[in-house]
Amino acid sequence: MGKMINKPLVLTYLYLLIYILLSSGVILYNKWVLSPKYFNFPFPITLTMIHMGFSGAVAFLLIRVFKVVAPVKMTFEIYATCVIPISAFFASSLWFGNTAYLHISVAFIQMLKALMPVATFVTAVMCGTDKLRCDVFSNMLVVSIGVVISSYGEIHFNIVGTAYQVTGIFAEALRLVLTQVLLQKKGLTLNPITSLYYIAPCSFVFLFVPWYLLEMQEMEVSQIQFNFWIFFSNAICALALNFSIFLVIGRTGAVTIRVAGVLKDWILIALSTVIFPESTITGLNIIGYAIALCGVVMYNYIKIKDVRASQTPSESIPERITKEWKLEKKSSDPFLPSKGSDNNGGRNGGNSPTADSSVDEEAPLIQSSRFYYTGRTQFNSHSK
């Protein structure tokens, strides 16, 4: 009996460890590649295009050649009105986020990323998908004050890098709200592989225009040596991160994902100061970030309380645990087109897209909490 209980637990912790390592690794790897002091490839749009091209190609092989996952029924109307705008904001968020690495440290970027719930909440309220609530608004205020204090304490504060990062955060928030509004209305469900299949090639095309205008000529002039293995391994890490999040979501809940995300941020901040000695952290940085994190934790608590309130009270606790365990098992394998593994857009009785603010910035095609809410609240079986 002990073995039966321990094995899933060990696997869960193993997946969480892989997720934290991959997520931290991808961020540090991107910084190393882009930084003029290290690998010196200061072309963030090119790097993002490599990721999109590689991810799209792998998704194409998995769907069309190996038939691991069935494609969804995609009409031209859905593609034009949903996939294209979502891809545009997705491409923008990655472009601006990667460009920030050229100007500011990884540690400071992680601190700025605490603004993600604020951006998502503001965007959702503006788009009318969420109501302005006093409890959530006060948390957003705490987060914002914390980030301002942290920015004030930043020694190497760079207005250009900060502007790029904040713009990237708001572009990602718009993408989250668009995903909720557009795809949900169409009843379209996408898992990580089908998301990459439809969105990655479209994002690649969007990135081509700024790449042509901003980076192509500069690349020709600078004659940078293109190291195939560096970029290939970098793209594989980014893709592996997408799948690791999917595995973690299948085995854990929103609380665990969020705790792991906070833990990852602290590890990243500490690691980045060791790997990149030029990024120094001040006491004011830490105080500001700690204040921001308090706001984020309280916000997460409110969101999880909302989800629990929307669960059917008639179910007994053993019934609910059994049901959740079955759903987790169904959704834990990304290579099975299971009912639980599709992104049903978080139809959870009034939960807003702000619930998706725990999305991982390096693998933003997958909304972690949205999978969690789908499994826990309203299980839809019309996916494939």
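Don't overthink the numbers, they just go from 1 along the chain as shown.
Each Cβ is built from the backbone N, Cα and C atoms, and glycine gets one as well.
The model shown is predicted, which means the values in this text are computed figures rather than measured ones.
Marked as domain 'Sugar phosphate transporter' by TrEMBL: 14-300.
What TrEMBL records for 328-368 is region 'Disordered'.
TrEMBL lists 12-29 (among others) with the feature transmembrane segment. If you look at the transmembrane segment (12-29), the same-chain residues 6 or more away from its ends with a CB under 8 A from one of its CBs are 106, 109-110, 234, 237-238, 240-241, 244-245, 247-248, 251-252, 256, 260, 263-264, 267-268, 271-272, 275, 360-363.
Summarising the annotation, TrEMBL assigns transmembrane segment to 41-66 (among others).
Positions annotated as transmembrane segment by TrEMBL: 78-96 (among others).
Non-local neighbours of the transmembrane segment (102-124) in the same chain are 27-28, 31, 34-36, 42, 44, 130, 136-137, 139-140, 143-144, 146-147, 150-151, 154, 156-158, 160-162, 164-166, 169-170, 172-174, 176-177, 265, 268-269, 272-273, 276, 278-279, 281, 285, 288-289, 292-293, 295-296, 299, 352-354, 356-357, 359, 361; each lies 6+ residues outside the stretch with a CB under 8 Å from one of its CB atoms. Per TrEMBL, transmembrane segment is recorded for 102-124 (among others).
Annotation comment: TrEMBL describes 136-157 (among others) as transmembrane segment. Within the chain, the transmembrane segment (136-157) has long-range Cβ neighbours (under 8 A, six or more residues past its boundaries) at 104-105, 108, 111-112, 114-115, 117-118, 121-122, 278-280, 282-285, 287-296, 298-299, 302, 354.
Annotated transmembrane segment per TrEMBL: 163-183 (among others), in sequence order.
Residues annotated as transmembrane segment in TrEMBL: 195-214 (among others).
Residues annotated as transmembrane segment in TrEMBL: 226-248 (among others).
The transmembrane segment annotation in TrEMBL covers 255-276 (among others). Within its own chain, the transmembrane segment (255-276) has Cβ neighbours under 8 Å at 12, 16, 19-20, 23-24, 27-28, 31-32, 35, 37, 105-107, 110-111, 113, 248-249, 289, 293, 296-297, 300, 304, 358, 360, 368-369, 372, counting only residues six or more beyond its boundaries.
Annotation comment: TrEMBL describes 282-302 (among others) as transmembrane segment. For the transmembrane segment (282-302), same-chain residues at least 6 beyond its ends with a Cβ under 8 Å from one of its own Cβ atoms are 107-108, 111, 114-115, 117, 135-136, 139-155, 254-255, 258, 262, 269, 357-358.
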Beyond a gap of at least 6 residues from its ends, the CB atoms lying under 8 Å from the transmembrane segment (78-96) belong to 44-45, 48, 51-52, 164-165, 167-169, 171-172, 174-175, 178-179, 182-183, 186, 188, 198-199, 202-204, 206-207, 210, 364-365
